[in-house]
């Protein structure tokens, strides 16, 4: 059994305040954050006190699926840091903490490049206690590890996806995972939309089964705050394809006062309006859907905003020739790759009137500097708003982080597909399996 040395760490409460709660910098913004009152639908780890946890073995499913370089060194530890508040809380309250996660997509059992060893080392640097690690997630090695654990200690189990029954939600495997634990905490929002053995199946064998602080925060913002927003409430939806955001747009049209559209999907809407879009990306089979969405917005009295100008290029390339044109004057053979400055000004004006905003999807191909201005301008606008600002997963998170503005937002979602499905109003199996509040 490997062990990693501990480094001094903040208390769970202090760490959560500093690293996981992306607090606004002004008192006005802080008040807006404090005003977020959501009735929890699921029991949280915060509902468990020392008497519930001391001496108990807690099986914690985290999302520690971090990127590694060719030398197996972590290049971004955001997901590990996000798990710390829950783990520190359990340690402070005397639990024996078994941590598990997946890493990558192993195909045929254990592979060294997908082992959680680098994660264990980083966990020890961030936690107030040393972290031991075993080379399996079930069986005698786990039994022996638990038998040697002191209260307030942490043991990292091996990658659950080394077993095929993890993703199949195999009942026998779920029972094996739960065999040496007393209760369950799910803090892996990024996999909550999957019915896997470690995210759903184990709850059949462990009680209570509760949400971790990170998972609860995601639910508070992406479900609670979106369902009962401070108004005016604006939803910004970007990305390349209408097809990938149909459910999100339809759901948000039922909740928002304004919906701003950007990204490649806008050209399908322009085509639906009879405009020429040059060689811009269009989903011809979604043109009727675009018409339906615009009609639905009008019927519900939702202000649906499309860009009035776009940055076009003669090729999909960083060094392509570019020009800014009205959406009514896109040249043949040119493609739209960003929103234009007039659209940015109009969107900023609309956003400045809002008390809550959720953003999912970039305004353009922000990975290329020539087409990043629209996305970064929206990020900067949200960073300076006084209300609630939620970045709802995916590429918009990457854009905000690239702009260096992540700490200015009320909430940055850690989920990709899970964020989308929650915004679409779908039931997430990993959440549904938890105890009701």
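A Cβ is built for glycine as well, from the same backbone N, Cα and C atoms used for every other residue.
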Site co-member for ATP according to TrEMBL, given 367, 393, 394, 395, 396, out of 175, 217, 245: 245
Position of peak Cβ density within 10 Å, selected from the binding-site residues 367, 395: 395
Residue from 63, 102, 103, 105 whose C-alpha is spatially nearest that of residue 395 (ATP binding site), among the binding-site residues: 63
Output field, (2R)-3-phosphoglycerate shell: CB within 8 Å of site CB centroid, site 79, 161, 194 dropped: 63, 65, 101, 102, 103, 160, 188, 190, 191, 196
Cβ-Cβ distance under 8 Å to residue 79 ((2R)-3-phosphoglycerate binding site), same chain, at least six residues away: 62, 63, 64, 65, 66, 190, 414
Neighbour tally for residue 65 (substrate binding site), based on other Cβ positions within 10 Å of its Cβ: 20
